[in-house]
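Report on the structure given below.
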Amino acid sequence: MGSAADGSLANEKAPETVGVGRYVEREQDGGSNTAKSRLSGLLWHGGSAYDAWFSCASNQVAQVLLTLPYSFSQLGMLSGILFQLFYGLLGSWTAYLISILYVEYRTRKEREKVDFRNHVIQWFEVLDGLLGRHWRNVGLAFNCTFLLFGSVIQLIACASNIYYINDKLDKRTWTYIFGACCATTVFIPSFHNYRIWSFLGLVMTTYTAWYLAVASLLHGQVDGVKQSGPTKMVLYFTGATNILYTFGGHAVTVEIMHAMWRPQKFKAIYLMATLYVLTLTLPSAASVYWAFGDELLTHSNALALLPRTAFRDAAVVLMLIHQFITFGFACTPLYFVWEKLIGLHDCRSLCKRAAARLPVVVPIWFLAIIFPFFGPINSAVGSLLVSFTVYIIPALAHMITFRSAHARENAVEPPPQFVGRWTGTFIINTFVVAWVLVVGFGFGGWASMTNFVHQIDTFGLFTKCYQCPPPPLPSTGAAPNVTWPPFPATPFNATAAGAGIAPAPAPSSPAHFFGRHHRHHIHGL
């Protein structure tokens, strides 16, 4: 790194280089070394490279771990593996670009004696400082919308998971309950305070990933298992965009970097986090797809197919806690934007800031109730929002920021030699923009929105219980205590409906009785 960065960012003793949280702590603690302050530092106040690694890895995998087997059923085994490796590499590259732009922006501002002690730098401010207000507005719109729907997805995932432990309440009611629980994240000041949560979150997803892998292998392949994917373009690109979403979790990169004591150490952190995440996602998705095959097309949550055991219930509970943590990760940048809008971002009162943040939770709660489509919503968000927020915009911003020879000569962080310096970086960025624009946004947007519209057409908005089994039919004298199979083919195969409606069942079959004319019996509408 250049000397400018070493002089401004690397010096931990300088207040303006240590991040807002760390400076305030030292000022308040006054050198206190009591047991309480040491415990607080251990669990609450984090800003090291390890904290950033835990935050990146924990935030990246999240609930999408449960939908990756669903993506494999759409893509097929080979494409599923290749897309994970490819988008993992692409995501690490654009996270690197974001970190370079952050260091460039912060160094320039610190040379101008700007004080960040009570201000958290965000991505739209980096774009504003380097490229102007038009870039700021575009970045703010995409980033906030993505984080909004990222929070929505966490609420949907909470309701979907808890239903497999307690189905006495429908998923919509569980969404109400978890919306209230997740609203408590307003009391977490910043990413500086996620130390213990990030660590626990990664432990939880590690357990869940290996539970999925081991349980699927022990279960073995179901009778007559078919692994026919890919079969339709709409399914193929829907699955691909879900994986694009999986490795697009670096929309909070700037906030995580700003919480670090030495943010210039971030450069390789996201890549290392991605490599660890691949050790979780590849074995779990491949194992579940090997065991259940095409059944996953109608079960976007992999936990739905595994038998209920104490180990599965433990996985559900741990994922619920982790989704609460990930909700906070996605929502905290929105809290910062809202605080800056209403003028409370530099307020020292935690209670005032928490009360001011509550209106941010309300639209998230409402959208989770409208669109409870676990799985398909990941693909839609990935193609329409993630593609621009964390792939296209960072690559374009890096090229435009350093387009002049003067900017390249004075760059705080020049590209490394192994990527070809500036020429190689420009070529890679051009490829990222072209690929994600055509494949991710173009084909992926078409496929995911086609699938999403079919979810609405099949299940309806505000559905009480998305992909829930129908209630048992009342017994009759001719057939006492009869219950039909829980997942009829036509109404629940919404993904297949996106590719082509299956033939109608015979009139005498149970599936015919639970056809579209009786949809309210299935979904509780």
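Each Cβ is built from the backbone N, Cα and C atoms, and glycine gets one as well.
Note that TrEMBL annotation is computational and uncurated.
Database features (TrEMBL):
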DOMAIN    45-428  domain 'Amino acid transporter transmembrane'
TRANSMEM  81-103  transmembrane segment
TRANSMEM  140-162  transmembrane segment
TRANSMEM  174-192  transmembrane segment
TRANSMEM  199-222  transmembrane segment
TRANSMEM  234-256  transmembrane segment
TRANSMEM  268-292  transmembrane segment
TRANSMEM  314-338  transmembrane segment
TRANSMEM  358-375  transmembrane segment
TRANSMEM  381-401  transmembrane segment
TRANSMEM  422-446  transmembrane segment
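Pairs of Cβ atoms less than 8 Å apart link the transmembrane segment (81-103) most often to 381-401, out of 140-162, 199-222, 314-338, 358-375, 381-401.
Only residues 6 or more beyond the boundaries of the transmembrane segment (268-292), in the same chain, are considered here, and those with a CB under 8 A from a CB of the stretch are 49, 52-53, 56-57, 60-61, 65, 68-69, 71-73, 77, 80-81, 84-85, 88-89, 91-92, 95-96, 99, 205-206, 208-210, 212-214, 216-217, 219-222, 225, 227, 246-247, 250, 253, 299, 302, 305. Ranked by Cβ pairs under 8 Å to the transmembrane segment (199-222), the stretches 140-162, 234-256, 314-338, 381-401, 422-446 are led by 314-338.
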